[in-house]
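According to TrEMBL, the feature active site, proton donor maps to His37. The ATP binding site annotation in TrEMBL covers 30-37, 147-150, Ile176, 184-187. Look at TrEMBL and you will find Gln61, Gln153 tagged as (R)-pantoate binding site. Residues annotated as beta-alanine binding site in TrEMBL: Gln61.
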Amino acid sequence: MEILHSISDVKKYVKRFKSEGLTIGLVPTMGYLHEGHKSLIEKASSENDRVIVSDFVNPIQFGPNEDLDVYPRDLEHDAKLSESAGASILFNPEPSEMYFDDAVTFVNSSEITDVLCGARRPGHFRGVCTVVTKLFNIACPDKAYFGEKDAQQLAVIKRMVRDLNFDIEIVGCPIIREEDGLAKSSRNTYLSPEERKAATVLSRSLNNAREILKTGERDADKIIKAITLDIEKEPLAKIDYVEVVDSLSLKSVSKIEKSVLIPIAVYIGKIRLIDNFTFNI
Ligand code: PAF
């Protein structure tokens, strides 16, 4: 596996892969890789001849009061994990390599980014769509892999690929969880031992909601109420949002009649965690 820092070096490899008729899978990440990322890289390796993993903490998707400066990084660990999962290239650029100081062109999406995390993190999805577009142009992948934990991100990128006619298949991969149910996330490392225990309330509340749906309940407000009550029992937890939305448009639904996404965002202490599940009728 090669560790590359410049766009031109990645493009040289991509040109060679394409001239040899090889397919390319891209796994965009912000590094500090865990089992969730590993599952994406392994899936990409099983479906493509070559896999490029990007490892870039993208400054333009962080808000002014977010955790850009303290976001965890460990390139050596990321390289080992990527190589063992079958990657051919780990692309780790500096921000100055990715962004011109005087850049004026960004990729924006609307409506689907005005809800859920997009409503609470202004500019976040503009940053995500811009960097993902740039990575698509650099790596020219046949397929790109994203985790279902960031359900809104996955929906936004699928829309962007459709709207802008990218010839790339977007593959969503299941959430990977700790044994106690907590969805794997690089941000879990910020949790104190007490907060780490409290954080299991996210998956527990969603599991209970799934059971209620299985009994035939179709009133979205009742599902939201059940999740809210569960989370409120945990003293360290503070709800940011609990919603029931259409899986594709991410618009709120009141009666559950087709596939819905049930996403939640919860602060455990100062750490904001997200989780979700999709319920198909
Ligand atoms: O999901 C992430 O880690 C990031 O949002 C992504 C897709 C790598 C873009 O920076």
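Using N, Cα and C of the backbone, Cβ positions are placed for all residues, glycine too.
Unlike curated entries, TrEMBL annotations are predicted automatically.
All protein chains considered, the CB of Glu148 (ATP binding site) has 18 other CB atoms within 10 Å. A distance of 10 Å separates the Cα atom of His37 (active site, proton donor) from that of Ser186 (ATP binding site). For ligand 1, the recorded positions lying close by, meaning a CB under 6 A from one of its atoms, are Met30; the full candidate list was Met30, Leu33, Gly36, His37, Glu148, Ser186.
For the pair Gln61 ((R)-pantoate binding site) and Ser186 (ATP binding site), the C-alpha distance works out to 16 angstrom. The candidate set comprises the binding-site residues Leu33, Ile176. Of these, Leu33 has the most other Cβ atoms within 10 Å. Secondary structure at Gln61 ((R)-pantoate binding site), taken from DSSP and collapsed to helix, strand or coil, is helix.
Non-local contacts of Ser186 (ATP binding site) by the CB criterion (under 8 A, 6+ apart in sequence, same chain) comprise Met30, Gly31, Tyr32, Leu33, His34, Tyr71, Pro72. With respect to Cβ neighbours within 10 Å, the recorded positions Gly36, His37 differ, and Gly36 shows the lowest count.
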